[in-house]
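Let me begin by presenting the structure, written as structure tokens, before commenting on it.
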Amino acid sequence: MTVQIRSGATRRAFTLSAVGASAAIALAACGGGSTEPAASSAPADGGASATITMWTDAERSPALKEIADKFEADKGIKVDLVVKDFAAVRDDFITQAPSGKGPDVLVAPHDWLGTLVQNGVVAPIQLGDKSAEFAESSVQAMTYDGQVYGVPYAIENVALVRNAELVGETHESFDDVVAAGQSVVDAGDAEYAFLLGLDPKQADPYHAYPLQTSFGAPVFEQGDDGSYDVSQLGMNNDGGQEFAQFLADNGDKGTRVFNSNITGDIAKEKFLAGESPYFLTGPWNVPAIEEAGIDFSVDALPSAGGEAAQPFVGVNGFLVSSYTKNELAANEFVVNYLSTEAAQDALFDQGGRPPALLASFEKAADDEVIKAFGEIGAEGVPMPAAPEMQAVWADWGATELSLIKGNESDPAAAWTKMSENIEAKFNG
Amino acid sequence: MSGESTSTRGAATPARGADGAPRGGKRRLPSGPDSLLGILAKIILLGIVDAVAAYALFQLAVGEEWLVFAISLVVTVGINWIYLRKDGLPAKYLAPGVLFLLVFQVFVMFFSTYIAFTNYGDGHNSTKEDAISSIQLSALERVPDSPQYAATVVEDGDELLLLVTDPSGAVGLGGAEQPLEPVQSAQLDATGKAIGLDGYTTLQFGDILGRQGEVSSLVVPLTDNLDDGTLQTQDGSTAYVFKPRLTYDESADTFTHVGTGVVYSDSGEGTFRADDGSELGTGWKIHVGFENFAKAFGDDNLRGPLLQVVVWTFAFAFLSVITTFGLGLFLAIAFNRADLKGKRFYRILMILPYAFPAFLSGLVWSGLMNAEFGFINNAILGGANLPWLTDPILSKVSVLLVNLWLGYPYMFLVCTGALQSLPAEAEEAARMDGASAWMIFRAIKLPLLLVSLAPLLISSFAFNFNNFNVIYMLTGGGPRFSDTTFDIGHTDILITMVYKVAFGTGAGRDYGLASALAIIIFIVVGVISAISFRKTKALEEIN
């Protein structure tokens with residue numbers, strides 16, 4: 001009996017193990033490729049293929065498909081659109097580009113630039129005379145260390161969205177906004193005077209930034225041309241301390257204008273339910289607000305601290321890999337095709353974000369909402385693209401959260417300590 | 001071995017006959033060492049393996065990856081040898097497992113160990129060559145206010161040249177060897193752009209495409225003096241005047257800033273550095289020895305919170321195992337009653353959380369635990385305002401609760417399985433002897449269960465020791481410690497701390513430091529597991 005089982009088992013084991021072995025070899029080949037990069041995929045230089053690869057996300061892919069098809073029809077170059085999980089794109093690109101496995105072109109927000117340049121994975125492009133056709137702030141955002149690295153296509157920033165049924169008129173200062181909101185609450189028509197979505201772990205320095213700049217506390221010192229001096233933290237000043245006090249005064253233990261329990265999702269939900277006249281948010285929430293049938297208008301956020309309330313401006317654009325073997329095709333596609341009005345129109349139709357190309361923006365600005373966001377963005381400041389920014393977010397957010405929760409007995413001191421921590425990280 | 005295998009086969013046939021199995025053609029077939037089907041399967045499968053291997057080897061040879069090539073070749077030959085020879089049965093069983101072990105475990109371990117001794121991370125991403133070419137690339141700037149030239153690529157013999165038209169309509173021709181010179185008799189198109197010249201072949205877009213590298217690296221000096229700038233094109237149709245901001249001197253291995261004359265030389269730390277300490281942005285990967293390990297232990301700022309984190313990591317892993325095992329076992333016993341109706345339905349309900357991605361449930365639970373709007377405070381606790389995620393102690397409780405929710409189905413499953421494999425006679429005998437249900441459980445079932453479950457509990461401990469998802473998605477490690485500048489908090493376990501220290505602070509990610517810290521954790525977990533497994537041997541002696 002045992003003998004019989006054994007001879008049967010031999011054959012089965014053999015079949016199984018041979019399948020395993022073939023898989024393992026294939027894996028060994030792939031695994032090997034990742035140790036010593038530049039391995040297999042692309043054929044040796046010279047025989048450039050007529051295909052360029054582009055990394056994008058699911059949302060932008062349909063609009064890009066149209067442009068890619070046109071490009072293929074005109075030039076005979078196929079654009080292979082690879083839909084990636086956007087959260088992983090940056091790191092995947094940094095690790096894969098040097099191995100020759102990265103894409104030729106990718107879609108990216110401008111604040112990745114610093115890290116991408118630091119890792120040497122993106123190549124400068126030349127917009128030439130075309131740069132005048134784009135919103136100035138968008139080209140500025142795509143400029144890092146004096147070089148333009150991308151063709152911008154969309155600009156986004158936060159603004160004050162007002163429920164026009166609850167509050168009819170605009171106001172000149174943040175205090176008036178809150179007062180108007182409060183009177184609606186007192187009248188029993190709403191529950192919250194003002195909504196700002198906060199991350200339960202990190203608060204949200206990005207959304208709160210226009211409030212902070214209105215106190216004269218920019219994250220980094222800015223030169224006249226709008227570029228940041230990342231060695232100089234700008235918010236470690238009196239304005240920053242006043243802003244800290246402002247957050248604490250209006251936080252959980254103060255007026256509760258800012259509520260640490262209201263996350264971005266909850267804020268959106270409450271605004272859609274008509275429970276607040278004001279919501280500080282960006283164009284990405286507009287489709288939902290329209291769908292909810294709310295009569296709304298988009299205003300610039302009035303100043304809280306006396307100076308201009310400048311939101312962060314984020315610019316999305318198209319970048320070219322410095323490791324591409326298809327420099328010409330990639331540049332042709334990015335500089336001469338994705339910068340066209342037709343392309344930017346298509347991207348706007350799909351994403352709803354204000355286009356960076358002025359001609360497309362003018363068309364899109366028939367829509368009052370797009371026009372308002374665009375005009376507010378023109379007064380904003382580009383989000384710093386420097387890698388140093390990564391060292392700022394964690395401390396910045398945690399301190400703001402702590403201030404809003406009312407955990408700091410001395411807000412100014414907490415703010416100063418935060419600034420010192422961040423500066424220590426730059427030097428360490 | 002060979003003799004043994006034939007002799008067993010010889011014995012096999014009569015045994016089959018003795019069982020009364022039909023005798024027939026089958027008996028005559030196996031004349032060789034294997035049946036026809038077996039040989040066919042062997043040929044096909046080995047063929048697939050070898051085909052894949054040949055393809056991989058070819059690619060590796062093209063890419064001149066000789067080390068990987070050699071390893072792959074040895075592996076392929078080894079596999080063929082193992083499966084083509086007649087004997088060596090154990091090797092046939094072991095080979096796939098060993099291969100997977102090598103690829104997925106040993107290779108990964110060696111690779112992270114290797115990374116731990118480098119400065120790999122943001123800014124130190126690739127080789128020095130890559131860094132130099134990327135610095136050169138980004139240092140090449142368009143001369144401000146210089147004209148934009150319309151360009152046509154033309155060919156003279158093998159040499160590529162640029163035929164350019166400036167905005168005023170003047171046409172020039174130049175190549176790598178000859179500076180730009182005005183030409184008169186060019187053919188112009190409707191827009192006034194020169195598109196051809198007698199004696200030269202105009203390259204069409206398709207031609208250019210095939211020679212992209214050559215075209216984009218074509219540098220046409222404006223004058224004899226390179227410092228006046230050069231014309232280059234990136235898309236084959238437009239050229240600009242460029243001047244480098246930095247020049248690389250190959251013999252001295254230094255970059256020099258053209259404007260200020262500052263010299264950047266190899267700092268020995270994977271960057272180009274000037275005397276005043278400023279560095280060029282892009283660096284490269286170098287070996288740094290034990291620097292990363294020294295950083296892990298040497299930072300005063302890190303050492304204090306590190307101790308708290310270590311204590312909590314052990315507490316978290318231990319309590320997670322105890323609570324999930326306790327609940328899982330309790331439910332398994334409860335639902336193991338033979339007379340329970342709808343058992344299958346309940347069991348499916350039980351294992352639902354197991355089917356839910358841990359990653360997502362962290363996020364969902366953090367919404368449920370919101371102090372003001374969360375379901376738990378509002379609906380279950382009747383409007384209480386408990387700060388589930390932001391109080392140092394409550395946040396630890398929350399993490400354990402969510403992990404209990406996530407983890408008990410697994411324990412329920414394995415306990416159910418183990419319970420069903422227990423001999424029913426033992427329980428019956430005990431009941432005959434008048435033992436209570438509790439006594440049966442404590443004295444008979446639990447010890448027997450533990451024999452088979454102890455290894456699972458240990459691996460569950462090791463898993464929870466590194467249970468990144470639940471911590472990161474639920475509390476993010478917060479609330480933060482107030483006595484350190486690092487972004488570390490009360491619910492951080494070692495692995496989330498490593499993540500934050502290596503990726504969240506400073507200017508950029510540091511894979512080297514992360515690998516070093518991961519290796520330290522690996523050693524800790526390994527030692528604990530080794531000790532525990534030795535202890536569990538004592539349990540087995542009960543049998």
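In case you wondered, yes, glycine gets a Cβ from its N, Cα and C as well.
All annotation found in TrEMBL is predicted automatically rather than curated by experts.
Feature annotations, reproduced from TrEMBL:
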COMPBIAS  B:8-21  compositional bias 'Low complexity'
DOMAIN    B:310-532  domain 'ABC transmembrane type-1'
REGION    B:1-29  region 'Disordered'
TRANSMEM  B:36-60  transmembrane segment
TRANSMEM  B:66-84  transmembrane segment
TRANSMEM  B:93-117  transmembrane segment
TRANSMEM  B:309-333  transmembrane segment
TRANSMEM  B:345-365  transmembrane segment
TRANSMEM  B:397-419  transmembrane segment
TRANSMEM  B:440-463  transmembrane segment
TRANSMEM  B:511-533  transmembrane segment
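Sequence-distant contacts of the transmembrane segment (B:309-333), counting only residues of its own chain at least 6 positions beyond either end whose CB sits under 8 Å from a CB of the stretch, comprise 350, 396, 399-400, 403-404, 407-416, 419, 441, 449, 453, 457, 460-462, 464-465, 467, 488, 490-494, 497. Under the criterion of 3 or more C-beta pairs below 8 Å, with sequence separation of 6 or more, the transmembrane segment (B:93-117) and the transmembrane segment (B:511-533) qualify as touching. For the transmembrane segment (B:397-419), the most Cβ-contacting stretch among B:36-60, B:66-84, B:345-365, B:440-463, B:511-533 is B:345-365 (pairs under 8 Å). Cβ atoms under 8 Å from those of the transmembrane segment (B:36-60) belong to residues 29, 66, 68-69, 72-73, 75-76, 79-80, 83-84 of the same chain, restricted to positions at least 6 beyond its ends. Through the fold, the transmembrane segment (B:511-533) approaches residues 109, 112-113, 115-121, 124, 288, 292-293, 295-296, 455, 458-459, 461-462, 465-466, 494-495, 498-499, 501-503 of its own chain, all at least 6 residues removed from its boundaries and within a Cβ separation under 8 Å.
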